[in-house]
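Each remark here refers to the structure printed beneath this line.
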Amino acid sequence: LAMGGNYTQPRFILLGITDTPWMQAPLFGLFLLIYIVTLAGNIGLMLLVWAAPSLHTPMYFFLAHFSLADVCYSTVTSPKMLTDLLFGDKTISWAGCVAQFHLFALFVTAECHLLAAMAYDRHVAICHPLRYAQAVSPRACWHMVAWSYLVASLSALLYTGCTFGGSFCGRRHVDHFFCDASPVLRLACSDTRGCELAIFALATSNGLGTGGAILLSYARILHAVLGMRSVPSRARAFRTCAAHLASVSVFYGTLFFMYLQPASRHGSRDKVASVFYTVVSPMLNPFIYSLRNKEVKVALGRCRRRV
């Protein structure tokens, strides 16, 4: 079944999270609740950053874009998964599969670079406070966000081209709940080793590049914090970084498990890992950044009183 152009019924079938009938309804209810909380939390955080003047700072500027990326890539995967669980129609068109994977790759890659920008912001704020206004100016913030989306867009084009550029034949059953690179490539009847190597190299450069920048930033932050004589200053510095570190740990942990391993080692555990970074992580991020952040709590209290 050549998928390039002469294929008459370009459709895939997503096998989903489970094929057990009695599990469909409970999973639908659980993931619907998670998706609603994800939308409410992230959109609420974006509106709060926009409405509260006290949050018009570089850190919350990056956080608003981070929440936007969370909403976007969660929306790319969750509604289709929910309709599959509810109605049982797990088919997806060729164009739909390509678009889903492309948008997913774009926003996930953008999140990696936004997390690196947030780590740089914390590094400058703690290690070079006198240069903060110049190094993280509004123009510099827009440049970093634009760079994040530019690199993500180019990377997503390459990911998509490598994943869907070959020919497909035989069964069209994608053993996943969304169109991801590894399960789609397993359906190809052409040699995919070159594509798998290219995807691995690109994922490594994006993941390890941004992850290395984050680790370097926090190594220098740790060195600066340990050199502080004031205990309250140390506690305040650690508190400002705790939320970002928690988000990085959840996001990168599952992402590295998924994309920085050989194709031969991919299996059923991939679905569990994918649930964490496509469903659970976008839901947790607003709570991680708001419940442990005094500035967000104060701004939320002021907005409540104003309403």
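Quick reminder: no glycine exception, Cβ is built from N, Cα and C everywhere.
Heads up, TrEMBL stuff is auto-annotated, nobody curated it.
Taken straight from TrEMBL:
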- 27-52: transmembrane segment (TRANSMEM)
- 41-289: domain 'G-protein coupled receptors family 1 profile' (DOMAIN)
- 59-78: transmembrane segment (TRANSMEM)
- 98-120: transmembrane segment (TRANSMEM)
- 140-159: transmembrane segment (TRANSMEM)
- 197-219: transmembrane segment (TRANSMEM)
- 240-260: transmembrane segment (TRANSMEM)
- 272-291: transmembrane segment (TRANSMEM)
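Non-local neighbours of the transmembrane segment (272-291) in the same chain are 17, 31, 34-35, 37-38, 41-42, 44-45, 63, 66-67, 70-71, 73-74, 77-78, 104, 108, 176-178, 180, 243, 246-247, 250-251, 254-255, 257-258, 297, 300; each lies 6+ residues outside the stretch with a CB under 8 Å from one of its CB atoms. Sequence-distant contacts of the transmembrane segment (140-159), counting only residues of its own chain at least 6 positions beyond either end whose CB sits under 8 Å from a CB of the stretch, comprise 58, 61-62, 65, 101-103, 105-107, 109-110, 113-114, 117, 120, 181, 198-199, 202, 206.
Summarised as a single figure, the pLDDT of the domain 'G-protein coupled receptors family 1 profile' (41-289) averages 84. Looking at which of 27-52, 59-78, 98-120 has the most CB pairs under 8 Å to the transmembrane segment (197-219), the answer is the stretch 98-120.
Same-chain neighbours of the transmembrane segment (27-52): 17-18, 60-61, 63-64, 67-68, 70-71, 74-75, 78-79, 81-82, 85-86, 279-280, 282-283, 285-287, 289-290, 296, 299-300, 302-303, counting only residues six or more beyond its ends whose CB sits under 8 Å from a CB of the stretch. Remote same-chain partners of the transmembrane segment (59-78), defined as residues 6 or more beyond its termini with a Cβ less than 8 Å from a stretch Cβ, comprise 31, 34-35, 38-39, 42-43, 45-46, 49-50, 100, 103-104, 106-108, 110-111, 114-115, 117-118, 121-122, 125, 138, 141, 144-145, 148, 177-178, 278-279, 281-282, 285-286, 289, 295.
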